[in-house]
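Accompanying notes for the structure given below.
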Amino acid sequence: MTMDSGADNQQSGDAAVTEAESQQMTVQAQPQIATLAQVSMPAAHATSSAPTVTLVQLPNGQTVQVHGVIQAAQPSVIQSPQVQTVQISTIAESEDSQESVDSVTDSQKRREILSRRPSYRKILNDLSSDAPGVPRIEEEKSEEETSAPAITTVTVPTPIYQTSSGQYIAITQGGAIQLANNGTDGVQGLQTLTMTNAAATQPGTTILQYAQTTDGQQILVPSNQVVVQAASGDVQTYQIRTAPTSTIAPGVVMASSPALPTQPAEEAARKREVRLMKNREAARECRRKKKEYVKCLENRVAVLENQNKTLIEELKALKDLYCHKSD
């Protein structure tokens, strides 16, 4: 029975080997089992689902068919998270680098603060040691207190202008104008004229300002002119002109005294113009009404002349009729 089954297995194995390409391998086993065996694996019938059939030939010529237990490696569905590992390592490296940069920056700031503190304390101690009664500063103030800007009050000097006649004109910040002759010392006891400030306008326009004299009278002057009232009561106006830098030093202005009408004269001139305008309109209306009246009279005269002619003709006709009846 054993020999018959072995012959059948050998015939089927030879048929399988002839149908497909086989791979032979030599396996050396223990001396009590077998010394040399040929293993043939059919590659055509091997699939992932069916077990592999292996033909083992013993040294005595007997062939045995053995079902393989080891299956071929199948491709795995689960992939290894290599990309995630790389990302995690990169993030860890960036965090480490950021921490290292922050630590280096903190150390540099701390080093700068430590290097600056002794210098500030030394300077403050040196300054406080010179003045008696000023305590030494041992603790440094916070950066907000030290960084507060100091407010310094600066007094702007009053500009003083000198005219060609030797008279000094001082213009204060409030808009007041002070005048002084050449013989007075300094600018004390000057005559003051108060002028209102004018807003900035377009070039070429004339700005009028009210100037108040010492007696309380207000006059209207342009913004580029200065009114001067002498001790005798005479009022003079000076026009300030900016001289070119090539002919005169900066800060000195030229003054001239053009004739400027006062406010009452301007008011009288304005009233006179209004009165003349009204008179012209009234004369024009009177001439128009006169022409209309004359034309109406001429029409009436023409009507009366026609009526007179008609009456004369009727009178002649009545006379002729009366003469015939009398005959």
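For all residues, glycine too, the Cβ spot is worked out from N, Cα and C.
So that you can see what the record holds, here are the features copied from Swiss-Prot:
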| type | residues | note |
| --- | --- | --- |
| DOMAIN | 8-146 | domain 'KID' |
| CROSSLNK | Lys122 | SUMO2 cross-link |
| DOMAIN | 269-327 | domain 'bZIP' |
| REGION | 270-295 | region 'Basic motif' |
| REGION | 297-318 | region 'Leucine-zipper' |
Exercise. Mean pLDDT for the region 'Leucine-zipper' (297-318), as a whole number?
Worked result: 95
Seminar exercise, completed: Simplified to three states, DSSP reports the residue listed as 'SUMO2 cross-link' as helix
Problem set entry | Sequence-remote partners of the region 'Leucine-zipper' (297-318) [C-beta within less than 8 Å, at least six residues beyond its ends] | none
For this session: Pull the DSSP breakdown for the region 'Basic motif' (270-295) and write it out as helix, strand, coil residue counts.
Result: 26 helix, 0 strand, 0 coil
Problem set entry | Within the region 'Leucine-zipper' (297-318), residues counted as helix, strand or coil by DSSP | 22 helix, 0 strand, 0 coil
